[in-house]
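**Student:** TrEMBL feature annotations, pasted as is:
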- 1-18: signal peptide (SIGNAL)
- 20-106: disulfide bond (DISULFID)
- 23-138: disulfide bond (DISULFID)
- 25-31: disulfide bond (DISULFID)
- 28: active site, proton donor (ACT_SITE)
- 36-45: disulfide bond (DISULFID)
- 39: active site, nucleophile (ACT_SITE)
- 58-86: disulfide bond (DISULFID)
- 76-82: disulfide bond (DISULFID)
C-alpha cells in the first residue's frame, strides 16, 4: 500500500511540475522559440527567456565539444526539450535555498526562475508567481 501511495504521489508531482513548466513557458514567451531580447541589461533567450548565467548554472545541457557557451545557450534556449531540461536542472540546483519557507515546488521553481537562486526570498518575484499560479492553479 505504501509503495502504491508513493507511486501515486510521484505521478501527481510530475503532473504538477509539467503544468508549472508549461505556465512558466507561456508567461515568458507564449511557449514559442522567440530568440533573444534585451531584458534588464542583458539578453534573455528562447522559450523560457534564459540568460547565459542561468544556462551556465543549469549545467549547459546539450553543449557540444568545441561549441562556445554562447552558441550552445542560444541553441538550447530555442529548443523546448533542452530549455525545459535547463529550467528543471536550475530548479533542482537551487530549490534548497527555499527550504523551510512553506512554498510548494511550483512557487519555488517560478520565483527562482524569475529572481535567481534566492528568488523565493525576493518580494519582487511575487507578481511573477501570481501570474504562473493563475495559469496552473499550482502551489
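In case you wondered, yes, glycine gets a Cβ from its N, Cα and C as well.
Since we're looking at a predicted model, the values are computed, not measured.
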**Student:** Show me the subset of 20, 25, 31, 39, 106, 138 whose Cα is within 10 Å of residue 76 (disulfide bond); these are the recorded positions I mean.
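**Tutor:** Final answer: none.
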**Student:** Can you tell me the CA-to-CA distance separating residue 31 (disulfide bond) and residue 23 (disulfide bond), as a whole number of Å?
**Tutor:** 8
**Student:** Hey, of the active-site residues listed (28, 39), which one tops the CB count within 10 A?
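**Tutor:** The residue with the most neighbouring Cβ atoms within 10 Å is 28.
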**Student:** For the disulfide-bonded residues listed here, 23, 25, 86, which shows the highest count of neighbouring CB atoms within 10 A?
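**Tutor:** Checking each of 23, 25, 86, the winner is 86.
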**Student:** Which one of the disulfide-bonded residues (76, 138) has its C-beta surrounded by the most other C-beta atoms within 10 angstroms?
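**Tutor:** The largest 10 Å Cβ neighbour count belongs to 76.
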**Student:** So among 25, 36, 39, all listed as recorded positions, which is physically nearest to residue 82 (disulfide bond)? Use the C-alpha atoms.
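**Tutor:** Sorting the recorded positions by distance from residue 82 (disulfide bond), the top entry is 25.
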**Student:** State the Cα to Cα distance, in Å, between residue 36 (disulfide bond) and residue 58 (disulfide bond), rounded to an integer.
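**Tutor:** Spelling it out, the Cα of residue 36 (disulfide bond) and the Cα of residue 58 (disulfide bond) are 18 Å apart.
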**Student:** Filter the recorded positions 20, 25, 28, 39, 45, 58 down to those whose C-alpha lies within 10 angstroms of the C-alpha of residue 138 (disulfide bond); answer none if the list is empty.
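**Tutor:** So far as Cα distances go, the recorded positions lying within 10 Å of residue 138 (disulfide bond) are 20.
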**Student:** Sorted by position, what residues of the same chain at least six away from residue 20 (disulfide bond) have a C-beta under 8 A from it?
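**Tutor:** Listed in sequence order: 105, 106, 109, 110, 132, 136, 138.
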**Student:** Which has the fewest other Cβ atoms within 10 Å: 31, 45, 58, 82, 106, the disulfide-bonded residues listed?
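**Tutor:** Among the disulfide-bonded residues 31, 45, 58, 82, 106, the sparsest Cβ neighbourhood within 10 Å belongs to 31.
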